[in-house]
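Visitor: I'd like to ask some things about the structure below.
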Amino acid sequence: MESTVPFLSPVSQSPENHFSFYHNFELFYMENIAQNNSFDQTQTLESAFSGLNVSGYPDLPDSGYQFGGGFARAGQDRNNNVIGEGTKVGPDVESWGAFMYSSYQLGSSRNTEFSILPSSNQTRLLSAAASAAGCTMPFGLNNNINRSSFNTSKLCNNNQTRPHWLHEPLNCLSLGDLRGRLVALAKDQYGCKFLQKSVEKASKEEIDMVFMEVIDHVCELMSNSFANFVVQKVVDVCSEEQKNQILLMVIKNRFRLVEICLNLHGARAVQKLLEKLTTQQQISLFMSALSPGAVALSKDLNGHRVIQYCLKNFSDEDNKYFLNVVANNCYQIALDKCGCCALKHCLDHSNGEARAHLFQEIIANALNLAKDQYGNYVVQHILELKETQTTESLLRQLQGNYASLSCNRYGSNVVERCLLESQEPLTTRIIVELLRSPIVSTLLLDPFGNYVIQSALSVSKGFVFDALLNLVQDHYPIMRSHSYGKWVLAWFSRRKQIHI
């Protein structure tokens, strides 16, 4: 005999876990049953469901609502059992929890309509449930609830809710109407666009009003992803006196200035401010405040952009103090991925005493820098500048270490650059040192040293080339059976020197 379950018996998983307004819904539902006598307490689940109204779009592929699964009856008949003569009701899911998730997930983009209530009662019951939840419930022509139209603003906890006045149209408002709200408006994605357009065509009085509101918050706004564009626009249109006030506010705290320059949005705003500096006093004030943070700025990609602008657009005298700070800390800057690039730009855009100071400090640390994955690029850059006096000083600093550097992954690049960029007397001195080294034979078979030998063969002439050729001939048998030795022999093959 088929088991029966009273209609109001609890299901396997309580819907209280899914709806905060369940108690109000249940209470109203019980009252409605008593009034309409649609069901009685002894009615079975099968007979109760036979009166349900099912509406939807069965022709839609993958709609999520198919004829199958749905609510469970008795425990042994829960999965995909028919009701009556083969008709099943509800979405094709296997549990109450899965059904509630698919059917009542708030904020869903589905437009499918599906009702689990009798058509005579569903409007009153669901409207009461929606009222208890604080939701709006528009109805279609068939009076079925459209779940995508629930208003979830009272159910969702959004910590970044925009102020209510930002939901109002801004196009019909003037800057005067928004007095006292411009800082919040500047931080809003759409409000910042409105302010930019308004400031472009604003009168002097309106510009003054905007300036007075943002000046005390300018450092904060410069680092904001939206508000920084408003600050840039204000800098474009403000007077010289107002520009001085902005500059003084930015450099008031040197640590805050560096923090702004390290920020992606702040760096852009600072560059815009630098573009508008017109007097020597303004530039001097800014560089004096910026210079103590030279190390941090040099090692950061955003700070590097600010440095580049200053080096390219300000005079040597303006950058002198900044470059001295860089020179005094060149070793730790050169060991950084971004710092080595900044140091190369400093070398390219410096002159006079500041440039000489940079060369002096870098050359003093050249041996350790040559072995570093980033520092070696700084040493190579000095050689690429081809300044005779500087190159000679650098080679003297590396003298006695060419063989050991040739076996180093990064140092070998520096030795090769020394051979390729130096004049013949200097390259001869380097090659002779390599030939006199006790480890010269290992260079022929070394994964890095073999490149140094090939570069030496390329630039050598006369007796030096003959000495290298004799070295290769003496070790020819072992080089033929070694992968790195074969690369050196391949150099001769490319130049038709096969007779060795």
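Every residue gets a Cβ built from N, Cα and C, even glycine.
Heads up, TrEMBL stuff is auto-annotated, nobody curated it.
Relevant sequence annotations retrieved from TrEMBL are reproduced here:
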- 151-496: domain 'PUM-HD' (DOMAIN)
- 177-212: repeat 'Pumilio' (REPEAT)
- 213-248: repeat 'Pumilio' (REPEAT)
- 250-288: repeat 'Pumilio' (REPEAT)
- 289-324: repeat 'Pumilio' (REPEAT)
- 361-396: repeat 'Pumilio' (REPEAT)
- 397-433: repeat 'Pumilio' (REPEAT)
Visitor: Over the span of the repeat 'Pumilio' (289-324), count residues by DSSP class, listing helix, strand and coil in order.
Guide: 32 helix, 0 strand, 4 coil
Visitor: I'm checking region-level scores; what's the whole-number mean pLDDT for the repeat 'Pumilio' (250-288)?
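Guide: Taking every residue in the repeat 'Pumilio' (250-288) and averaging pLDDT yields 94.
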Visitor: Looking only at the repeat 'Pumilio' (397-433), what are its DSSP counts of helix, strand and coil residues?
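Guide: Summed over the repeat 'Pumilio' (397-433), the classes give 28 helix, 0 strand, 9 coil.
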